[in-house]
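Q: Quick one: structure below, then a few questions.
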Amino acid sequence: NAVIGRYKLSVQSDGSSSASLGTFVLLFNPWSSGDDVFLPSKAECEEYVLEEFGIIFAGNKNHISSFGWNFGQFQGDILDICLSMLDRSLSYRQDPITDASHRNDPKYLGRVLSAMVNANDDQGVVLGNWSGNYEGGKSPSSWTGSGEILQNWKKSGFRPVRYGQCWVFAAVLTTVLRCLGIPTRTITNFSSAHDADGNLRVDEFYDASGNHLNRGADSIWNFHVWNESWFTRSDLGPSYSGWQILDATPQEESEGIYQCGPASRKAIKEGDVELDYDCPFVFAEVNADCMYWNYDTSTGKKTLIFSQSTTIGQAISTKAVGRDDRVDVTNDYKYEEGSKKERDIFKKARKKLGLEDKFDPTAPTPQEIEQKPDISGKFKVAGPLQVGKDLNLILVLANLQSDAKTAHINMTAWSTVYTRRPVHEIWKDSISVTLSPKEEKQFPIKIPYTEYQQQLTTDNTIQVTALCHVEGGIQVLVQRDIALDNPTIDIQVLGEAKVNREVDVEVIFTNPIDTEVTDCMLQVEGSDLLRGILEIDVPPLKAGENSSTKFKLIPFEAGPKHLLVNFSCDKFANIKTFKMVNV
């Protein structure tokens, strides 16, 4: 239980002056049963402390994608940078002696580092940007590892690195905590709620044309990435030990600064939201109810369209131990969606937060919630979801009643960032339909590549909405978030990889669209395979043309290593892949 950090080591023999032997760094030790971070499974220690490669899950709940990340916690001077991060925190600046005396406590360090990884408040490591415009920095999607970010932070004299989004904050925090010996992993939550006002409810607003309005601070992200770290909770008692949630993405302030956690995962599952730290916010991320409202921009009047209690917190994912697979950990966060136990826990949390008794003037009335729609609708995908191909959808509308219904439907498609914040309008249309009793009708929708290509963000996400104004009935909102896949890229290692021997690698990309692509650039990194990042300019590619790019590696450590490749050009941003190389 000693304080971690850099120690001076000297030797003194009887009566003579001491001689310095140098310095050593003391870390947490998850292999030692007396340590607060003790993790009994050797395989988990290998994965969550020693492994320098990870997989982060993204996309959306209907279409989960993944990409590799080079944590690189044992490369170069990363340890020194992690230690200097502790000495730049607000806690250390305000009271260095007290701060240093708490550095034996993983829950204290986890909280301090969740604040230091974002640039808010303390000139921390990464500056967040969710605008879709990343001028003056690197697009968050373009990073492939933490090393470059941490090195840039140090080289610039500790000025925040531009720019990050949630997975960047989470990946950098993983690097720092693994480096210090605390078992840590990244977790992706799909349909993740950002409940800004603490009422366990997320409100979304749409205008009469079906446009998703940027109103109110609440939002539902396609996905959100945070961390889990493994340690005991002496402050809460043994049943709350184990995986603890930390979130370095600056979303809401906690005790006046942008930090989040550690929140015990057990406390989240049991609805014990009064326990330290930040349990109500994390509980809402996986459990909040959603309310969708129609908002009249001229009068300011809002009408409830519908509410849902099963949308938020789906397919919660992390990388498997020792394999490159996805593991679903949703059941560790909550009881089965829709079960009585799950609803009871939700009520328990509401009660603990004092939401049961308070009248909430913004909440929908029971009458509003009871209203039933006359028609139902959904968007079906009809064709490939790929950047470069036309987007084909079918709007399916069904009359639920035994008399005919007429509806006027306003449809829109917007490019978004992964937080579902609308950026550019791509397409709009409106139709009027009459549905005979119990009839179902299909309406094909085609959004050509030429129409969305200019508007797409680097997240490749589009939100399609149809707002149905039903004559004599309540409005019906149909929406779908579409994540488009980039084309693929292939890596071949030509020959056997051996320590300190050259080996050739070939990267192959085929231009899938019928126009030339230019400004092509390949970025390569991999712990123990190459130092730093290799950047290679690739000549322009005509329609349908193949490119083959070769380069040499000289690996400097034996074992299974991962090579990460990121290809970008004027029409495609950040086509990523990785390859395991056995050295």
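Glycine residues also receive a Cβ, built from the backbone N, Cα and C atoms like all the rest.
Okay, these came from TrEMBL:
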{"type": "ACT_SITE", "residues": "CYS166", "note": "active site"}
{"type": "ACT_SITE", "residues": "HIS224", "note": "active site"}
{"type": "ACT_SITE", "residues": "ASP247", "note": "active site"}
{"type": "BINDING", "residues": "ASN287, ASP289, GLU337, GLU342", "note": "Ca(2+) binding site"}
{"type": "DOMAIN", "residues": "158-250", "note": "domain 'Transglutaminase-like'"}
Q: Is any of the recorded positions CYS166, ASN287, ASP289, GLU337, GLU342 within 10 Å of HIS224 (active site) (Cα-Cα), and if so, which, in sequence order?
A: CYS166
Q: For the recorded positions ASP247, GLU342, which Cβ has the most other Cβ atoms within 10 Å, all shown protein chains included?
A: ASP247
Q: List the residues of the same chain that sit at least 6 positions away from GLU337 (Ca(2+) binding site) in sequence and have their Cβ under 8 Å from its Cβ, in sequence order, or write 'none'.
A: THR310
Q: Near ASP289 (Ca(2+) binding site), which residues of its own chain have a C-beta under 8 A away, given they sit six or more steps off in sequence?
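A: Same-chain residues close to ASP289 (Ca(2+) binding site) (Cβ under 8 Å, separated by 6 or more) are LEU200, ARG201, VAL202, SER307, GLN308, SER309, ILE312.
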Q: Spatially speaking, which of the recorded positions CYS166, ASN287, GLU342 is closest to ASP247 (active site)? Use C-alpha to C-alpha, please.
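A: It is CYS166, whose Cα lies nearest.
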Q: Please report the Cα separation of GLU342 (Ca(2+) binding site) and CYS166 (active site) in Å, rounded to an integer.
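A: So the alpha carbons of GLU342 (Ca(2+) binding site) and CYS166 (active site) sit roughly 27 Å from each other.
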Q: Across all the protein chains here, work out how many other Cβ atoms are within 10 Å of the Cβ of ASN287 (Ca(2+) binding site).
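A: Summing over all protein chains shown, ASN287 (Ca(2+) binding site) has 24 other Cβ atoms within 10 Å.
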Q: List every residue in the same chain as CYS166 (active site), at least 6 positions away in sequence, whose Cβ is under 8 Å from its Cβ.
A: TRP221, PHE223, HIS224, VAL225, TRP226, THR249
Q: As a quick check of your reading of DSSP, tell me how many residues in the domain 'Transglutaminase-like' (158-250) are helical, how many are strand and how many are coil.
A: 17 helix, 41 strand, 35 coil
Q: May I have the list of same-chain residues other than ASN287, ASP289, GLU337, GLU342 whose Cβ is within 8 Å of the Cβ centroid of the recorded Ca(2+) site, in sequence order?
A: VAL286, SER309, THR310, ILE312, GLY313, LYS334, GLY338, ARG343, PHE346
